[in-house]
């Protein structure tokens with residue numbers, strides 16, 4: 001049986017945090033154009049009916065399923081899955097999943113702060129009041145000219161870029177000292193520490209790369225960017241076409257026929273040329289450059305790790321050559337001493353030889369000759385080894 005959607009006012013973020021343990025993992029928070037938030041505990045069918053998306057699109061936002069970062073433009077919504085930020089953006093509202101998550105709380109605060117700016121600005125201009133706010137308010141007015149969905153999308157992109165940049169900075173602060181320590185002292189503890197850091201870097205690089213690829217894919221396709229202009233599509237559609245559809249939350253009119261004051265004001269600044277995507281392109285390029293810079297930091301860190309590995313391999317090769325040199329010296333000494341053993345073995349046998357009689361000087365001459373021969377052989381072996389590069393000069 002389908003549950004009825006229930007809305008609970010989210011007056012303060014503290015109330016949201018207190019209810020973290022009691023909220024369902026399927027909880028949502030709804031933000032309208034004025035920045036007012038309401039906690040929702042609804043099933044997926046109510047969400048699908050409200051924003052008019054398919055089940056496969058909503059499945060992308062399921063935290064129990066592992067989907068890569070993606071930004072999908074639909075007829076009346078933008079499906080946003082960026083790491084922990086899972087949201088549905090329409091032309092007049094934002095649905096954010098799991099608002100009590102510690103990584104999502106800053107996004108909730110930013111949406112509450114930035115979404116109502118356009119409404120406030122247009123209300124002041126509509127009442128005929130003189131607009132005096134200095135440079136900061138002028139910048140806010142320029143920002144208010146963006147459509148509602150772009151402001152919400154910018155908050156999400158800024159949050160995910162800042163999140164990944166912070167994780168990259170933390171990894172750099174831990175990796176560089178560990179690598180420097182490893183170069184000074186090669187031990188199993190340091191090797192295991194660097195191995196864990198390299199694994200973390202590989203996972204983080206894959207996450208950053210996916211976000212970057214998604215932004216690059218949008219920038220390369222004007223049609224995909226045009227699909228994200230929800231206010232333009234809502235303004236170009238007929239208000240009568242969707243008037244017969246009922247809202248799952250009991251609203252008096254449908255999303256297609258009801259456009260908020262902020263969306264109407266923002267649509268006035270958007271040209272209705274379907275091929276004009278300059279505004280969104282500039283927005284995506286800004287965060288593409290930021291995420292690309294984060295990826296460059298990870299690439300630099302990987303190169304530093306590779307250089308450290310090469311340096312360690314050179315050190316290990318040097319130690320290996322020293323062991324080979326020592327083994328060569330020991331082997332050469334063993335071969336040379338074997339001649340003395342041969343002489344001692346020959347003269348120590350209890351076999352009567354006729355040449356042993358009255359020839360005691362033979363032992364001394366054999367020992368001297370074998371010693372000279374052993375020394376010459378030892379020098380020849382060392383010279384050959386140096387010629388082949390087995391030992392240092």
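Every residue, even glycine, has its Cβ placed from backbone N, Cα and C.
Heads up, TrEMBL stuff is auto-annotated, nobody curated it.
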Which one of 166-193, 194-221, 222-249, 250-277 shows up in TrEMBL as coiled coil?
194-221
For the transmembrane segment entry in TrEMBL, name the matching range from 304-327, 328-351.
328-351
